[in-house]
Amino acid sequence: MALVDKHKVKRQRLDRICEGIRPQIMNGPLHPRPLVALLDGRDCTVEMPILKDLATVAFCDAQSTQEIHEKVLNEAVGAMMYHTITLTREDLEKFKALRVIVRIGSGYDNVDIKAAGELGIAVCNIPSAAVEETADSTICHILNLYRRNTWLYQALREGTRVQSVEQIREVASGAARIRGETLGLIGFGRTGQAVAVRAKAFGFSVIFYDPYLQDGIERSLGVQRVYTLQDLLYQSDCVSLHCNLNEHNHHLINDFTIKQMRQGAFLVNAARGGLVDEKALAQALKEGRIRGAALDVHESEPFSFAQGPLKDAPNLICTPHTAWYSEQASLEMREAAATEIRRAITGRIPESLRNCVNKEFFVTSAPWSVIDQQAIHPELNGATYRYPPGIVGVAPGGLPAAMEGIIPGGIPVTHNLPTVAHPSQAPSPNQPTKHGDNREHPNEQ
């Protein structure tokens, strides 16, 4: 009995010595792990196998920034996100330890990349995973406008009788031949070029406008380049948008530019909703200045025909921001996003990152090893950090864990690692923004 008591005393003495060196670990390995959070999704089964040996992967399933859990705000050093939420400077300042954000998709207009860079947060995207899907969807929309398959289907569903030549002429009114038509592409990046290759096979003459692209690409693809937006709008029978959204091209298609288009031209947008002034488009459709439009993206998402200026617009096809999607593309995007996070953990930020889009705004550069690791985590891969506080789950494939004490409170940590603080207001480098760099003319989403 005395031997047992002696052992207990010795154990208590060791516990007092170790107290403050590292927190109590409820399960998993004893080494520190950075927290990486999927902000607006709930499935991290693809990401976990890539990151589980380096980081703890959790998900928030937030539908707005207000739903991001306090634990993630305080402790996450890496974040992955889709297009559901928007991170402004005010939102980014709430993150205490964040160093890298990876947008699972090509567009990054839902993140303030300048503010992120000034706060020492790298922002990355996945520019190439859904190029084929977006190009295929764009061609589908263009063919639909020219051949009117959607409206013909609707007519049959409504019971319209179509038999005589006169009835066919009436129900298919507006259908047009494609060969010899001019397709104008605004933006000629990966997706724009993929659309051009496909469109030529259908007989389109393809022209494009892209002020950021170097000369010569038009010769390799057998297309024509124009050097002003006005020239493209004037020459095109169908205009398709393939550029990212930024502060310079918001409402690029507006009442003024619509009046520069050919009478009865078509408009397709599978890039970003903010590129098109929907009020001006609705008016142009009603007046017949635009013969038809197909939109996969909208100014306000999720889109509803019941609301907004397009609810009464004729000759309009809308899809719910799905042009980017296929199972293969989704899987490739998620794998690429997790791999980019892995590069950040094992290398330097932003130098080691493959697709960092805000390097010109970045004010700090350091290896991951000097990140302020305020959270030393047990291996709780798949944990859910979301509101209301106290709700905890494990994603499919996650390891079962003792959750008590993890949600909602944090784990106190004492360490000797140097602190990396986010400057409250750091000046932007005296370096012009290159809007053509690191951009993909559209999207996933």
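Easy rule for this one: first residue shown is 1, then count along the chain.
Cβ from N, Cα, C; glycine included.
DSSP assigns ARG272 (active site) to coil in the three-state reduction, outside any helix or strand. The active site annotation in Swiss-Prot covers ARG272 (among others) and rests on similarity to another entry.
Residues or ranges marked as active site in Swiss-Prot (evidence: similarity to another entry): GLU301 (among others). For GLU301 (active site), the count of additional Cβ atoms within 10 Å of its Cβ stands at 13 [all protein chains shown].
Among the features that Swiss-Prot reports, active site, proton donor is placed at HIS321. DSSP assigns HIS321 (active site, proton donor) to coil, not to a helix or a strand.
Taken from Swiss-Prot, the feature NAD(+) binding site covers SER106, 186-191, ASP210, 243-249, 270-272, ASP296, 321-324.
Sequence annotations record features per position, and here Swiss-Prot assigns compositional bias 'Basic and acidic residues' to 434-445.
Annotation source Swiss-Prot lists asymmetric dimethylarginine at ARG22.
The phosphoserine annotation in Swiss-Prot covers SER428.
Residues or ranges marked as region 'Disordered' in Swiss-Prot: 414-445.
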Minimum Cβ neighbour count within 10 Å among the binding-site residues SER106, THR191, ASN244: which residue?
ASN244
Is it possible to get the count of other C-beta atoms within 10 angstroms of the C-beta of HIS321 (active site, proton donor)?
21
Rank the binding-site residues GLU247, ASP296 by how many other Cβ atoms lie within 10 Å of each Cβ and give me the one with the fewest.
GLU247
If I take the alpha carbons of ARG272 (active site) and ASP296 (NAD(+) binding site), what is the distance between them in whole Å?
8
